[in-house]
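J.: After the structure tokens below, expect a handful of questions from me.
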Amino acid sequence: MSYTQHETPALAELCSFLVQDIYGELAARVYSILARYGRQNLNQLVRASYLNRRQISLGLVTLVQSHLVFHSSRVSPVTAYEIDWQQSYALVRFGKVVKSVEDRFGKNASAIVGNLLEHGHTRIGDLKNALFPPQNPSEDYGDEGTNGAGAKRKRANGTNANGADGKVNGIVNGATNGALEEEQGTGAPDKMYLKTVDEFYDAIHLLMQTGWVMKVDEMQYLSPGDYHQVALTQVLDERWNGQMPSGTKDKGNVKKDLCQRKRNIRDAWAEPPQFVKTKRNPNSGTYEQSNKRIKINGTHALPSSGGGDNFDNAEDRLPIRINRDKIAVAMRTDQLVRLAEQRLGTTTARIYEIMLREIESQVPRCFEEWPDPPPDPKSAEPPPPPPTYLVTTREVELRTKDFDICEGLDPQAVSKITGRSLDRNLKMEDPVDPADLGQYQRFELIHAHIDLLSRDPFRFVTWHSGSGHSEWQIEFGEIAQRHIQQEIENTVSARKPQFGLKLIRALKKKGKLDERQAGLTMMIPAAEIRGVVNDLAVQGFVQTQEVPKVERREAKHSIHLIWYDRQRAREKLLHDTYKGMIRIIQRIAFEREKVQAVLEKAERTDVRGNESRFLGRDELDMLNSWKDVEERLLLQLSREDDLVAILRDFHGALISS
Amino acid sequence: MLRLDINKKFEPLRSCVGMHKKLHDHYNFQIIFEMATEPSASATPVKQENGVASAAGTASRFDQLYDKCATSPPGTVFFQRDLSALQVADTMEELLGLINGLCAQHLLKQLLFDNEPCWKLRDRREAEKLRTLTPDEHVLYQHIDQAQNEGVWSKALRAKTNFAQPTLTKCLKSLESKDLVQSIMSVKFPARKMYLLKYLTPSEDIAGGLWQNNGDFDMAMIDELSNAARQKIEELTCVRVPAKWNNYQRSERAAAIAHKKAHVLGLRDIEDGAPVRPYKLPVHGSSTRLVYKSNPTYPTATTMAAWLNGTDVLKGKVARDVDMEQLLEMMVLDGRLEKASAISYRTALNINDTKTLNGFVDAPCGTCPVFDLCADDGDISARTCVYFGEWLGTESEEIY
Ligand code: SF4
């Protein structure tokens, strides 16, 4: 089972909150049953709850459509349902994802991604129709009353997950996505993005090419356990006559084949399909289903069962969804840039960002879940080297035209490269505009930044080959490990400002120590250590052990050892962070409760837009301060999510410390 | 106190010159156990022995010899020929008489070197104290003296002397109260109490290195010196860049490009490849900041030790490479330095002044003392939480 699919009570609780916030009460009720009892079929679900069969089915449909729940209809006669924890947790980062995509590919793409996130998946044609309603847009605009589903229409007009539902907005998007929300207000007719159907298809192609969007496949609905079973059966049928071989060596081979099979199936999903590029007319050939909305799909488990295949090309019939692996890759870029910025300053971090983004499209995922050969704790062989991704200085230079690459460097180095002298205060006597420098000098300057990155203890980049405009590689695995360590250290030093950090580092460096040795390494009296050790041991960041020296187990005659296990600390911190996120969500709910009455008033249709007229002074104040509080809490939630990504999504299990 | 400094200074010699090494190394001397004498009677027998000279004359002869010896550097070892060369006594017999007398008064300490007797001078005040010792105390004193700066464990003393524990304790107490010996806790064996003469500096083995004092870390000294080292390393590896150090006028063209880019961003053709997001451009850093030097010579424990010994902050003590390494490694642990390579160091810069750690600990729950007790509802929960209330500036639910 995947490392990231680990479930803890805190995660289950957190996800239940998220589902409830976004998909409402019914889905959340069903979800929480699954969270509590694990894998269940429909009958079991009915027995375990007060809901009737119809209600449960309805809830399940929502959950399945959003990919929050796996189901086994493909492999077993009685369908069993099981929660997809990763996908459920990902609800919290929807806003962030839209933002990331916008950063990388612009608003056209982010609008599409927003839609896909909200719906789980959709056929390309349906999405197109929703974004480019075939009838006259102004007509659509006018039928508010008859349509009765304002949210639906708004979505159809090409906004993102934001618009669909006040709740989605509140939980995922509030803090990070203010800019986009503003756009909504301006209305569809003169929107800034996705103006033509061609733009729409181009954006889809770009997203598929870069791996952000992938095909929907039946296999994706299988839980990791079922997936394993299917892949195993396939492997056994093909090469071993359907029987599990008995020899150790053969078993090893099966294992290897199995991993490969799992990889192959998965990789096929992200394979961008080849479509003939045709000029399209937004209004041609799609009039018949003008009233069709994406939502129709929502009631069906699989898009193929949707309301009739009346799209005339294969492309429009293709169901697509977001590729979660790619989200983690993008978050990794962002977090690494943030780290580099903290350590080396904005400009160098900017160079690093360019390097990372340069290779992002080649990186399908942060780490391989089914490596080749499969990890074997018994074999002494080191795991295979991860794929290398290379960037050259030249590629970086191309993207640095719009900022000052002299900044953040030692003035002496800049002076040497540009040949201009410095005065006594290290100021340029003849200031130089980097835009005017020759290419060679610009290479040198960028080189100086990259050099800073490579010298940092984090080893942000590693020299690979070539002189002059060298090739650089980024060793993500190593960096991710240091990153995890760094976050653990940050946490410990916040909790135990005095000696916490020192102790963790001392133990990491030296292994198991007793109090006296720890004191010597940290250069503090051994007596000071006990308190810190006790607290950190209670918090689960260090472990202690008593080794008796004599036969009777007596405290006085024992050696008391302290040690630190990175993986344990990592899991503890992850768990604590989930819990911290729950508390924030609960606090948001509590704060909202306090202003509930005002909020309800403010949301009345007659008050909307005329707040200043209908609301009293203190009511307005309350609303404003609630908004501030909410924003602050959401921002913090999103930062805790960043931490979760660092701890969980960038690296597989750490074998030893 | 002086004497010990001398010992320190001689230390390098010990390792390189054979003969000198032997001369100054206590372990090559065999201490001749002085006769324990009754304090009151100590001086008198000598006088009687030296019937030739008048009492007063002899006494002054004693002083003469002592004073002459005292002009040599403290800690000097005198052989018989050295003493006769001082020309205080007229005959060898007289000289021996004087020496015996001084020994009896504990002003000289007799040693054996290659079976040849030799002597060392004792401080007058110390000698005076010695004269007040009981015989038992005296035996102990000599054992402790023998161990020199390695110290001797109280259990070992007992084994050597066969004293009963109460006697031993009493005598040691008395010696300590007379300021003749000191006891310290061994660093190697923290449960062991080691005894050594008061004026000696305990050896590294029992007292730890430069940074330890009496078995404990000298926190004040560590603080002071680690700060000094941090500053020095910052000088060596970083450079402070003034604000607006490269204050160029942005050329029209570049400005136009940047402007256009920001403008186009929303509408940019998606096939344009990877985008450049609108970015707050760091135009000429507006405040001074530290950056890493481009061609630093990274300091190592050796160069830093040499630097420290070159200043006189240590007041006569010497920092060895291992001492410095211990200090620098400790500073890596507490985040002031980072390793530039396996043996060299540099300053750890933290660019943000604002202390943001991570999303979890910056929120109240991350450092909450009742984190583990906090539940979904009940007395401690997000609703009733005072920390959230403080952080957000909002009211929490009251609990009664
Ligand atoms: S909600 Fe309050 S009491 Fe509960 S863990 Fe967080 S800070 Fe502590």
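Heads up, the Cβ atoms here are built off N, Cα and C, so glycines get one too.
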J.: Which residue range, A:234-255, A:366-387, is the one TrEMBL calls region 'Disordered'?
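T.: Range annotated as region 'Disordered' by TrEMBL: A:366-387.
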J.: Have a look at A:133-169, A:281-317 and point to the one annotated region 'Disordered' in TrEMBL.
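T.: Range annotated as region 'Disordered' by TrEMBL: A:133-169.
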J.: Run through the domain 'DNA-directed RNA polymerase III subunit RPC3 winged-helix' (A:488-561) and tell me, per DSSP, how many residues are helix, strand and coil.
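T.: Output for the domain 'DNA-directed RNA polymerase III subunit RPC3 winged-helix' (A:488-561) reads 44 helix, 12 strand, 18 coil.
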J.: With DSSP as the yardstick, break the domain 'RNA polymerase III subunit RPC82-related helix-turn-helix' (A:13-71) down into helix, strand and coil residue counts.
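T.: Summed over the domain 'RNA polymerase III subunit RPC82-related helix-turn-helix' (A:13-71), the classes give 45 helix, 5 strand, 9 coil.
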J.: Along the domain 'RNA polymerase III subunit RPC82-related helix-turn-helix' (A:13-71), what average pLDDT does this model show?
T.: 89
